[in-house]
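Features of the protein shown, as given by Swiss-Prot:
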type     : residues                               : note
COMPBIAS : 20-36                                  : compositional bias 'Low complexity'
MOTIF    : 59-87                                  : motif 'Q motif'
DOMAIN   : 90-275                                 : domain 'Helicase ATP-binding'
BINDING  : 103, 104, 105, 106, 107, 108, 109, 110 : ATP binding site
MOTIF    : 221-224                                : motif 'DEAD box'
COMPBIAS : 383-406                                : compositional bias 'Acidic residues'
COMPBIAS : 419-428                                : compositional bias 'Basic and acidic residues'
COMPBIAS : 643-653                                : compositional bias 'Basic and acidic residues'
COMPBIAS : 676-686                                : compositional bias 'Basic and acidic residues'
């Protein structure tokens, strides 16, 4: 879909656009391929499928290098055409190359490294007799920055191995389970282990996890966040100590190229193939993200959120990102006052509850999530990514020009030196690592904007502008995933408006203009694929809602927010314990979980706010259209103070006569008696 030619965009344009190798591998390759299109030959002499073949054959274009059982599972899951990153990464990975891939979120990076990783496990086990002790070894480790992403990767790979479950076992040690249970699972030497760096290091140090005996592949997903999420000490200890074999294949998958990725590249990769998904590839995959911004005040943020959601200027599901936990609950309570159901996704909730919220949202049980994306580590610092592309091009040229054997020797020397240096530092780092885990482990392993796969999200609203370009890229990556279309809208507070409203003040707004300037740099626009367009709305058309919004915001006090947080946290802790035990045996009971239930008491709720009087509806809405309440009943313009009793013939409302057991006519309980009785007349003072 082409972008609007004018920078002035009408309010209704916020509607999202329409959706548009090993011996075994060599043996399969000898059987021939059905490809007939013009395949691409890389400078490494590896054949890549053409776009025409990929569109015609789907994942069967890899039939000569992937196990038929994996292809069958992909077909059952409805996977059609492999994405550009998958078309390039899978053949190169199965040829034994280290991969450094940069592609936007939602481009299919998980399968891009997951399929080669699983295929290598199948090939290795087929070459060893089952009676051999080396048949069952842990051959692959997948490191991710957050527990949510670990669970997501585990579930994605679990369905892909549907027809090879007898040959491949997966374990996710990032889950909240007792260490005794996890150690028991690891003692069986699962083929693939998925973990956060801190969890992996913990089990390596207590000898529960053995990677040195047989690990062949190491994949780091969301590599740009691994170090910035407070895992830097854990990663350095994991790579520097004597836990890993001397040779293994590495995959670094990232949405952005940062200094953290460069550090990991130097530590892990040997003569890597650098893959960068360009905008032509994104267009070929059908990605269509339209980005808007508007400059507004803190109070008007709530006004615009109300107008956009209540008047349904966007259709479908939406994620609203805030930078502070308290603001997340303030926004939820604010929307709740107007009858808009939403839930808050934040680091305070147990991991099972957080993942359950994502699952319910993906299933369509509610349409709006308020996600706290608090700046942590390097992500909280403003980063100027200008020059990243030049660094990548230089790195790629260097990787191509250097002779592979000389590079291997040099990297081996580096690893020996780093191993010796790390050995000397291990003792001094141990105390720091343990202190870091005690204080920050829970928060560092939470991240809703990074990697978590939200399904069919129509719009991302940056209620609070992120504090870095990288964070912005990850946030807007929650929509327009997998070839779908989506919209991103960002609220920017001008510097002269910062701090005007003390009770709505957000510290990160002091950086809004600086971050906004970085988002408009040519290098960032090139990375995003398009520039942000200004959304200019008619302020007079929404002025009538100001009094509603202002009064409602004043009613949401800090005490009310604190009570709501405590109430929800207690409920979610109970829910989480049930999820761990009871709901594993009774999955149908999950339907009774409601993570978006009201936090306000019935007295605090004002039912008239759930309706929009017809005289307030702006002209941008079709005058003939009828707005609907959250319950789905028909909208009525006039809302009286007292409830109107409908149905004149209804016995319950009318209070009609009924015959008692004695045969006398009595008045219905809901109706009024014909003769008023004064109780004081019958009162006798005896």
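Cβ coordinates come from backbone N, Cα and C, glycine included.
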Which residues, given as numbers and ranges, are at least 6 beyond the ends of the motif 'DEAD box' (221-224) yet have a Cβ under 8 Å from it? 109-110, 113, 142-145, 149, 153, 252-258, 260-261, 264, 450-451, 470
Largest tally of Cβ atoms lying within 10 Å of a Cβ, found at which of the binding-site residues 106, 108: 106
Near the ATP site, what residues other than 103, 104, 105, 106, 107, 108, 109, 110 in the same chain have a C-beta no further than 8 Å from the centroid of the listed C-beta atoms? 83, 85, 112, 253, 255, 277, 477, 481
If you average per-residue pLDDT over the domain 'Helicase ATP-binding' (90-275), what number do you get? 91
Quick check on the motif 'Q motif' (59-87): DSSP residue counts for helix, strand, coil, in that order please. 17 helix, 0 strand, 12 coil
For residue 107 (ATP binding site), list the number of other Cβ atoms lying within 10 Å of its Cβ atom. 25
Quick one: DSSP breakdown of the motif 'DEAD box' (221-224) into helix, strand and coil? 2 helix, 0 strand, 2 coil
Long-range Cβ environment of residue 110 (ATP binding site), under 8 Å and at least 6 residues apart: 152, 153, 156, 157, 221
